[in-house]
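Over in TrEMBL, the protein carries these features:
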SIGNAL    A:1-17  signal peptide
DOMAIN    A:71-161  domain 'DUF3347'
């Protein structure tokens, strides 16, 4: 009798233990970036190397413009949180961005604008959701932030953001493949390394 | 003594009823969607070696070809496995890969490379039971190299 009860309990306990997938996904990442400060290319205030880009769509519906602005605001929120090594704040930004995308009024888009938006919508939403769901795994948030940055760049280059946006690049991000991000400020605060290497990066473009 | 035996019997009956009751939790539909023209193998070149690794290590959670083990018919296992499989399919379904927007296809491959390089996939709770789904370093680099080459051929403006 005791054996049967014990057996039943083992079965139940196993069932509950078997499926905790979140903790399975331990990001085994080791950047080894300490002591590398000296070799980093620092941002320099050299205007000659800065390309100026104008948003390509001239007439944007005010509602659309406002939604894009919100997406960019949440993006900046995530960027700032990641540069502060704050996965929880980044997750809040991700959730907020996903909510804006879910309610985006696509009917006001022109055909050309819809093409651009549709190319990025599904992908961007997934990155927002991943960042929103992984507050305990900042490495994973940063992986998705690389791709999110590319989507948001495409949108900003099309629709504009209602304010100047800087496009920065750090050659050491993504295991030395290099990766870009957008910022509302000229100053470099690297979202991929945070305090490990906050100043890695150079501003390449300003998008107006 | 007799009283103790009675409590034990009651406990056992309650437990038994519970186990029977959970069997009535409905199970989600399985392998329902079509696996035709949108499959990655129909849209892109997937060498046989790559395909066999994907099949043994990933398809159970990322395709419409899940092979369900016998205990997947018993609750509560069915419920827990459904969770993984539905979430896995929602993230990435190799049999519906072709229906993703091109940018999403491209970025799913990048995520695939990340997941493999971090050894985050296949899920550890899965390789615990499916030993042959544990990938060697050669198998991992075979997959990531295939994925990178495929991405390079994709026509995408970033």
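Just so you know, glycine gets a Cβ as well, placed from its N, Cα and C.
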Using DSSP, how many residues in the domain 'DUF3347' (A:71-161) fall into helix, strand and coil?
77 helix, 0 strand, 14 coil
Please compute the mean pLDDT of the model over the domain 'DUF3347' (A:71-161).
96
